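> To start, I am sharing the structure in question, which I have written as structure tokens.
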Amino acid sequence: GRERERERREMMAASGGLIVLTVLMILGRVKGQLSENFYSSSCPNVEGIVEQAVSNKFSQTFVTIPATLRLFFHDCFVEGCDASILIASPNGDAEKDAPDNLSLAGDGFDTVIKAKQAVEASCPGVVSCADILALAARDVVVLAGGPSFNVELGRRDGLISQASRVAGNLPEPNFNLVQLNTIFAKNGLSQTDMIALSGAHTVGFSHCSRFANRLYNFSATSAVDPSLDPNYAQQLMQACPQNVDPQIAVNMDPVTPQTFDNVYYQNLVAGKGMFSSDEVLFTDSASQSTVIDFANNAGDFNGAFITAMRKLGRVNIKTGNQGEIRRDCTTFNS
């Protein structure tokens, strides 16, 4: 009798566990789960179509790579990864019109718009602009020699895009480690994720105005930021004299500016981080060991970057019946 009682209890426990599991699965679905094969039946060739469009754009200009990567980051940190950055407003008050986003290069927008047009030709009204941007961000990393990884899909496009909601949600070039960690933590990203995502500065350029304060009026005691390598400081001054044309842009990685690699971290160790928010990753003892690890081990950096990109792609996503699938990435459907 005792044996039977034990069996009965075990069966009840098992069925209870099953119910809990089912409830969790339903909740998970409601909360919105992305999956790598989200479009396997509705648009099976989506990845190839996007990759082709990105590749075509890249063959016209290298700017495609940093521009698309930065666009993804700026999108996810404001309203979540929902393509709200792509909306064009006739009144100039959309997310892309905010001061922090004015430096986003047009080639990033153009890449996503072209990829969306190609996808629409095959699978109209099925794939979100948000997912196309996430795929394009992965594709440009690969085109620049960086690691490939699987992209989770199933995001929907957001219904809000306002310039006024950008301020305070993006990291600034003069942030210290605490400020960087705080703004990333708000998006569920760890310090290691933040350091790995900063590695995107291994490709791309910046306007002189974003770092001129480190060259000409750093502090009362030193015009030049003492954490800058003196030769690198001279190099930046030559590229960015004091009354430089604001359109002039300088490579963020002075060594291998067109390759996605771990040289960015080697530059930080050598005092060649362009922004103080780059260099602080090495000068602050709380983050220094990670920078040294990434500088010495490309595999460690690539692994951490993949983890961080997948986590970034989950920030405040819209799924299920939230948002919409935009037909044109630059305008809401309604």
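Each Cβ is built from the backbone N, Cα and C atoms, and glycine gets one as well.
Since the structure is predicted, the reported quantities are computational estimates derived from the model, not experimental observations.
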> TrEMBL annotation: C329 disulfide-bonded to which of C81, C123, C129?
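It is C129, per the disulfide annotation in TrEMBL.
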> Just choose from C43, C208, C240 the cysteine that TrEMBL connects to C123 via a disulfide.
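As annotated by TrEMBL, the paired cysteine is C43.
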> C240 forms a disulfide with which residue in TrEMBL, given the options C81, C208?
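Here TrEMBL pairs C240 in a disulfide with C208.
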> Checking the contact step here: among the binding-site residues V78, D82, T256, which have a Cα within 10 Å of the Cα of C208 (disulfide bond)?
none
> In the same chain, outside T202, D253, T256, D261, whose C-beta lies within 8 angstroms of the Cβ mean position for the Ca(2+) 2 site?
V203, V255, P257, Q258, T259, F260, N262, V263, Y264, N267
